[in-house]
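Read through the structure below, which is laid out as structure tokens, and then see the notes.
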Amino acid sequence: MSKTYVAVDIGASSGRLMLSQIKDGKIDLQEVHRFNNGFKKADGHDCWQIDQILKEIFTGLKKVKQLGFNEIVLGIDTWAVDYVLVGMDGQKIQNPISYRDARTKDALEKLTTDVPKSLIYKKTGIQFLNFNTLYQLYTENKDELKKTDKIMMIPDYIGYVLTGNAVTEVTNASTTQMLNLREGLFDKDLLKKVHVDQNQFPRLVESGTILGNIRHAWHVKYDIPETEVITVATHDTASAVLGTPGIGDHWAFLSSGTWSLLGTELNVPEIGDLAFESNYTNEWGAYGTYRFLKNIMGLWMIQNVKHNLNDQYSFAQLAELAGQAKPFEQFIDVNDESFINPENMIEAIQTYCQKTSQVVPQTPGEIAMAIYSNLALYYANELENLNNILGYKLEALNIVGGGSNVKLLNQLTSTLADIPIFAGPSEATAIGNLVVQMITENEINNIADAREIIRNSYQINEFHPETNKYGDILKDYQDFLRGKIKVSEG
Ligand SMILES: Nc1ncnc2c1ncn2[C@@H]1O[C@H](COP(=O)(O)OP(=O)(O)OP(=O)(O)O)[C@@H](O)[C@H]1O
Ligand SMILES: C[C@H](O)[C@H](O)[C@@H](O)C(=O)CO
Ligand SMILES: [Mg+2]
């Protein structure tokens, strides 16, 4: 009889507790609790509501107990780069600040005037995003840092609150852009640059480390199951990759949610000049792998449009309305910084199109199609980049996460990139979280076997290129990105 496993998977837009057992050679999956996530302004910063997240986790665990499960194994994964400062009293000093907060706007530029980008990349192999932990700590209040006993990444902090044990799990630690690839430790020079002592991070551990049991005090306060916590691949994207079915030779993945993380799994990091110049990253994966990928703005854009429209449309309705609009009416560099955290995404998209003298999308369908068709173009362009950097052609694209539900986006991407697409499971992150628990508990042998079980457990939808459908639109987009099509700056 399989043990009972719970994945706590918290993305930037939503969190969920997923319950699972292995039954007849399949990983069954039951959503027990889902909640919205997001940041709110506090003391002038965009802050995550970490205490509310913990309350939601306890609510979910109570529901697990009410379903009759008195003994479980649990793993936690969340978004990357953000952290909690924990004081000498073991309590958080402040609410964690979101990576989308404006505080790091100029940090990357300032830090890299002293420390060359080429040196940082050679040390870490991590992409330059101005919200990486390195730049957040560079701007951090120095008095707060002096009062800090431990800097805990978000999922590690949650595990610490639940069990009292503090670790730093490597897949998420790599997103700090402070882990030295060769040494496998926090880089001393980069720590010094941001005035952090290496003892201020808890010890580094690999995915699959047993963290401990939920503290008795929580059982007294909440009616929850006896719970052993395992430190899984705590960066949600690392778990998403593990939960990817891995269909095709030289397969690529697209973890499609708030962000679109497009890449492939490597056994050695790729930090050559082409990778550096294309700003690709080598985030650490589980079991000694590397996630060679690029961050693409993703469905964050649609999430904001949905809110701008007062949530009168579901995501499925927006996708349906998009299908009634024409694709490629305008070219948009979806990674333009104006889309990182605008007051109003619809206005940001319309302003971008006005400034570049292009057709301005007006209706919800036109706006949604502008987003989807330009995401598809961006994906296709980056897949060409990936093939060029790697020196071989990626044969299939596995799309997982909520975005795998968007048939329109999947089909556009397949045609533009001329690649077969295998879409699903949408809850790959939770599934990847679960398989590390099951491997640690010796119920699954290894990740290759886990992916075979995943392929047999979930519906995977296929999409194939529609030949000659859009002519040279990708080349025109690439010229636009490279600035060759000089759309006049309005
Ligand atoms: N049925 C659907 N139709 C269209 N879009 C959908 C559908 N279901 C999910 N989505 C898209 O998936 C997105 C959420 O994806 P997902 O649940 O993977 O993100 P998350 O886990 O909440 O956040 P993160 O990406 O930070 O992990 C939604 O913003 C929406 O755009
Ligand atoms: C900021 C990170 O790059 C981002 O969170 C991404 O890695 C992620 O975790 C998507 O959920
Ligand atoms: Mg997610």
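The backbone N, Cα and C atoms fix where each Cβ goes, and this holds for glycine too.
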Among Gly125, Gly159, Gly402, which residue does TrEMBL name as a further ATP binder in the site formed by Ala12, Ser13, Ser14, Gly15, Arg16, Thr258, Gln303? Gly402
Have a look through Asn141, Asn295, Asn304 and flag the one TrEMBL assigns to the substrate site that Ala80, His235, Asp236, Thr237 belong to. Asn295
Counting Cβ neighbours within 10 Å across all chains shown, tell me which of the binding-site residues Arg16, His235 comes out on top. His235
Going by a 10 angstroms cut-off between Cβ atoms, which of the binding-site residues Ser14, Thr237, Thr258, Asn295, Gln303 has the sparsest surroundings? Ser14
One finds that other Cβ atoms within 10 Å of the Cβ of Gly15 (ATP binding site) number exactly 20
Would you mind sorting out which binding-site residues among Ser13, Ser14, Gly15, Arg16, Gln303, Gly402 put a C-beta under 6 angstroms from ligand 2? none
In whole Å, how far is Thr258 (ATP binding site) from Asn295 (substrate binding site) when you measure between their Cα atoms? 10
